[in-house]
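Asks: Mind having a look at this structure? Questions to follow.
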Amino acid sequence: MKNGFAIQTEILTKVYGSGNTEVVAMQEATMNVSRGEVVALLGPSGSGKSTFLTAIGLINPPTSGRVFIGGQLVLEGSRAYTNLRAFRRKHLGFVFQKANLIPFLSALENVEIALEINGSSHRAARIRAMELLDYLGVGDRAENLPSMLSGGQQQRVAVARALANHPSVILADEPTAALDSQRGRQVMELFAQIAHEQSAGVVVVTHDHRALDVFDTLYEMEDGVIRKQSEVVAS
Amino acid sequence: MNLAVKDIRHNLGRFALTALGIGLLLMIVMGMGGIYRGIIEDATLLPDRIGADFWIIQRDTRGPFAELSRVTPNLVHRALAVPGVRRAREFVYHTIQRERGGKPLRVAVLGLSWPIDKGEWIPLTAGRPLGQNHFEMIADQTLGFQLGELISLGKDTYTVVGLTKSMISSGGDGIGFFTVADAQSIQFDTAGEAIRLERAAREARGEHSEFVTKQPSLLEQAVRPAQELPAIARPQISAVLVSVATGVDSRCVADIIAGWGDVSVYTKEGQRDLLLKGSVEKIRRQIGLFRVLLTLIAAIIMALILYTMTLDKIHSIALLKLIGAPNTVILGLIMQQGLLLGLLGFGIAFAVGQRVFPMFPRRVILAETDLFQLGMIVLVISVASSFLGIWKAMNVSPNEALS
């Protein structure tokens with residue numbers, strides 16, 4: 001790590017289509033997230049939040065602009081400076097609106113798989129996965145398949161999977177959408193706790209305004225443009 | 001963690017049914033191979049087992065298995081007179097159809113040259129070789145005869161003294177072994193009325209003959225049994241089987257006999273080739289082509305099944321890519337399932353085939369080489385079929401996990 005930023009983006013732009021069908025989904029989006037910082041990205045549907053998240057998540061590269069993770073230049077436009085999949089495996093954790101668990105693996109195995117593909121031994125992966133599930137309060141459902149878990153339990157398993165490899169960046173897209181307010185707040189607080197304990201940068205895309213006090217910084221996105229909320233308020 | 005096994009465990013019923021379906025399909029491919037092998041084995045059974053170095057048959061014919069061949073019985077003595085010939089045997093072969101229990105019964109009648117050939121070379125499952133010149137037979141068990149059973153054929157009754165297994169003609173009929181005399185008796189069985197009519201006709205023809213005009217007493221001979229008349233030849237046989245003495249080149253002896261104007265000579269290999277390229281060639285090729293076609297169909301079906309199985313997991317595969325799983329993990333998931341499906345299918349095909357094939361009317365022979373060959377084909381199909389699924393998996397974007 002060359003500086004204290006977990007994530008840095010420089011004027012990210014994403015354009016879909018061309019000519020008459022051209023759509024600018026993200027326009028000169030710049031954001032710096034420090035280690036241990038928890039950032040909320042707010043905005044209406046279609047504002048480009050998910051596009052931004054998938055760009056910094058190295059899933060959907062931007063048309064132009066640069067992405068740094070942990071101070072390392074990873075993407076410049078669509079050009080990758082490293083093996084993106086391997087980089088995601090080691091440094092990024094994802095949580096989605098839907099839990100997105102693998103249906104044929106138990107809760108424990110869903111967490112284990114993230115560890116094993118990152119080189120952990122089966123035994124070590126099992127111990128770490130069980131610790132995380134216990135920590136998130138679903139240890140007693142470790143052997144259950146996702147179909148046997150409630151939405152909240154599934155989401156906590158997904159969080160455990162995202163945390164499994166001690167990522168330096170956690171990206172969450174509407175992680176509380178399927179949860180009640182109490183569970184939603186618990187998850188947000190959990191992100192904050194992890195960010196602070198593990199010095200990870202956390203970016204959460206959310207519509208949920210009830211737990212905004214948990215975040216260190218608020219960003220708002222509209223028509224593909226990101227602004228800090230203080231700037232939003234000032235304007 | 002073995003994702004392939006975990007996925008199968010989760011969808012065990014569906015996977016088991018798919019494996020069963022593949023297994024039954026492969027069983028048909030295996031069965032076709034077995035029928036193909038059985039036809040070849042049946043066709044070449046006699047030339048392979050009868051223990052002759054070469055066959056003397058009617059001139060310009062292809063021998064008793066391909067067409068009608070008739071040679072005179074004294075050919076045996078002529079053959080024995082050739083230097084180097086150790087043994088010459090009469091051989092009679094024809095097929096009859098009778099009724100038994102209201103159902104058609106086809107018997108390939110084979111005449112053994114008593115007393116030098118009592119059928120010692122025939123692999124018996126029960127009983128003994130022929131013990132006398134008349135009224136005994138050895139029967140293949142496909143004919144449904146029991147040991148000691150009395151079988152009426154023509155005007156005579158034969159006792160089943162021995163049983164064989166898998167002694168089948170190239171047409172798929174069970175073989176019944178008799179002495180040459182009995183085989184001819186069955187072949188030339190004629191109704192009493194037909195004999196009387198023939199004698200009368202002989203007498204009528206004689207009345208207009210110049211010989212009878214000169215010597216009327218000859219006409220009295222015309223009504224005597226045919227075998228007592230020197231002018232009427234003895235019943236002909238199908239072929240003569242020749243074995244040469246140790247150290248003698250059978251080809252040289254065969255060349256000598258082939259020089260005779262009334263016969264043709266085929267070596268054992270020649271007779272074998274004739275059978276394979278003659279009477280069974282079309283069915284052999286048809287089954288061979290059908291087998292190739294079935295193998296292709298099995299490959300296409302397996303590819304589609306594996307592709308569909310991959311499509312069912314496409315979201316999980318996208319998710320694995322998203323969380324950074326290397327391609328080897330995804331490749332292993334699909335390939336291992338393909339191989340397991342092939343392996344289980346092959347095992348089911350073999351296990352079910354072992355129980356089903358013996359019920360087939362014709363022999364189905366599962367030769368080790370054929371099983372190994374099919375195993376290799378299944379392996380190649382499993383791997384090749386996986387490629388379609390792997391191609392789909394490699395092209396899926398991690399983005400799809402978010403949709």
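Just so it is clear, glycine is given a Cβ too, placed from its N, Cα and C backbone atoms.
The following feature annotations were taken from TrEMBL:
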- B:16-188: domain 'MacB-like periplasmic core' (DOMAIN)
- B:290-398: domain 'ABC3 transporter permease C-terminal' (DOMAIN)
- B:12-36: transmembrane segment (TRANSMEM)
- B:289-309: transmembrane segment (TRANSMEM)
- B:329-353: transmembrane segment (TRANSMEM)
- B:374-394: transmembrane segment (TRANSMEM)
Asks: Using a Cβ cut-off under 8 Å, which residues of the same chain at least 6 positions beyond either end of the transmembrane segment (B:329-353) come close to it?
Replies: 2-5, 7-8, 15, 18-20, 22-27, 29-31, 34, 302, 305-306, 309-310, 313, 317, 320-321, 364, 366, 371, 374-375, 378-379, 381-383, 385-386, 389-390, 393-394
Asks: What average pLDDT does the predicted model assign to the domain 'MacB-like periplasmic core' (B:16-188)?
Replies: 89
Asks: In the domain 'ABC3 transporter permease C-terminal' (B:290-398), how many residues does DSSP assign to helix, to strand and to coil?
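Replies: Each residue of the domain 'ABC3 transporter permease C-terminal' (B:290-398) counted once, the result is 94 helix, 0 strand, 15 coil.
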